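Asks: Take a look at what Swiss-Prot says about it:
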BINDING   His48, Ser69, Tyr140, Ala141, Asn142, Ser157, His227, Pro228, Glu229, Thr244  iminosuccinate binding site
BINDING   Cys114, Cys201, Cys298  [4Fe-4S] cluster binding site
Amino acid sequence: MTQISERLLVQAHLDAKQPNPLTAEQEAEYRAAIAAELKAQNAVLVAHYYCDPVIQALAEETGGCVSDSLEMARFGKNHPAETVIVAGVRFMGETAKILTPEKRVLMPTLEATCSLDLGCPVEEFSAFCDQHPERTVVVYANTSAAVKARADWVVTSSCALEIVESLMDNGETIIWGPDQHLGRYIQKQTGADMLLWDGACIVHEEFKSRQLADMKALYPDAAILVHPESPEAVIELADAVGSTSQLIKAAQTLPNKTFIVATDRGIFYKMQQLCPDKEFVEAPTAGNGAACRSCAHCPWMAMNTLERVLDCLRNGTNEIFVDPALVPKAIKPLNRMLDFTQAARLKLSGNA
């Protein structure tokens, strides 16, 4: 992992913890209050698969959305609500605001960031790009608005492979940032000429191939599901590699009854909901007594609590603003991604 201090990681863990866990009665009260506020304010709650289960359930119950970052962006853009509450990390709120500048975008906390975002400062990344002006700049969605504004394309893990293949077919060479593991996976799958930025996700980088192989021995009939932000040695052990939505689909379609899952454990809520007859096991994140920093759950995603959702709704706090000078530049690569994926959907449905 690069360019991120241990202090930031420790502080994120501390901030994510609630000193007094909610009782069932308190939780029900918060959920009812949030639902009422959403309705009164013509607001909608969108949540990422990595948020805690109670937040995901609330989004579904109130007519919102639980999805990966691509569908979160699409849902917020197309929904008629005047206010969008984004339960996720900072770049997701920024993306929602860029795509729908006329809407009010709130987040439970503005402190929920991402190690990939932190590890890709715009000044350093821009200098890297300037050294290779002939290359097309492709950035992962897990980046700041400023980095997106420097890019030619924005991608998510659910569409990155197809977009890079398309660019390669056009004869383009690529600068990729910031996740080195996802970039290396795409490079290996496509053969594309890619220069990789040296960033990583603190959750996925902690999965260990040796311990994963040991776990497979304990569950010989299990299928291994791996997010491509994981190290290459972990990916090589996978039965299915993909984005959050793609891993959920794999859990539904593969015949196995047991799955070892190498991604944030927040995804278990949706997997268990859709596959109640199947067993899901967390892939190991540290071996032989070593301490894990994320322990298979993003500390920043864990900051999205019921208390903070209600507070931002009632008080209008943690509103997302994006520098107006960045918006025209950042929206171009985002719309390229949305247009590309929409065209791919239409093509797929036409071939069905």
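Residue numbers in this text run from 1 along the chain shown.
Glycine is treated like the rest: Cβ placed from N, Cα and C.
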Asks: Given Tyr140 (iminosuccinate binding site) and Cys114 ([4Fe-4S] cluster binding site), what distance in Å do their CA atoms have, once rounded to a whole number?
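Replies: Rounded to the nearest whole number, the Cα-Cα distance is 12 Å.
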Asks: Output, ordered by sequence, the same-chain residues six or more apart from Glu229 (iminosuccinate binding site) with a CB under 8 Å from its CB, or 'none'.
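Replies: Sequence-distant Cβ neighbours: Ser157, Asp179, His181, Leu182, Ala200, Cys201, Val203, His204, Glu205, Thr263.
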Asks: Sorry to bug you, but what's the C-alpha spacing from His48 (iminosuccinate binding site) to Cys114 ([4Fe-4S] cluster binding site), rounded to the closest Å?
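Replies: Distance (Cα to Cα, whole Å): 13 Å.
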Asks: Taking the Cβ of Asn142 (iminosuccinate binding site) as the centre, how many other Cβ atoms fall within a 10 Å radius?
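Replies: The answer is 30 other Cβ atoms.
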Asks: If you draw a 10 Å sphere around the Cβ of Cys298 ([4Fe-4S] cluster binding site), how many other Cβ atoms fall inside it, taking every protein chain shown into account?
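Replies: Taking all protein chains shown, Cys298 ([4Fe-4S] cluster binding site) has 26 Cβ neighbours within 10 Å.
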Asks: Around the C-beta of Cys114 ([4Fe-4S] cluster binding site), how many further C-beta atoms are within 10 angstroms, looking at every protein chain?
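Replies: There are 26 of them.
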Asks: Cα-Cα, whole number of Å: His227 (iminosuccinate binding site) versus Cys298 ([4Fe-4S] cluster binding site)?
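Replies: Approximately 14 Å lies between the Cα of His227 (iminosuccinate binding site) and that of Cys298 ([4Fe-4S] cluster binding site).
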Asks: Check Cys298 ([4Fe-4S] cluster binding site) against DSSP and tell me helix, strand or coil, would you?
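Replies: Going by the DSSP assignment, Cys298 ([4Fe-4S] cluster binding site) belongs to neither helix nor strand, so it counts as coil.
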Asks: Take the Cβ of Tyr140 (iminosuccinate binding site) and count every other Cβ within 10 Å, whichever protein chain it belongs to.
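Replies: The answer is 29 other Cβ atoms.
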Asks: Can you give me the Cα-Cα distance between His48 (iminosuccinate binding site) and Cys298 ([4Fe-4S] cluster binding site) in Å, rounded to a whole number?
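Replies: Just about 12 Å between their Cα atoms.
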Asks: State the Cα to Cα distance, in Å, between Asn142 (iminosuccinate binding site) and Cys298 ([4Fe-4S] cluster binding site), rounded to an integer.
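Replies: Cα of Asn142 (iminosuccinate binding site) to Cα of Cys298 ([4Fe-4S] cluster binding site) measures 13 Å after rounding.
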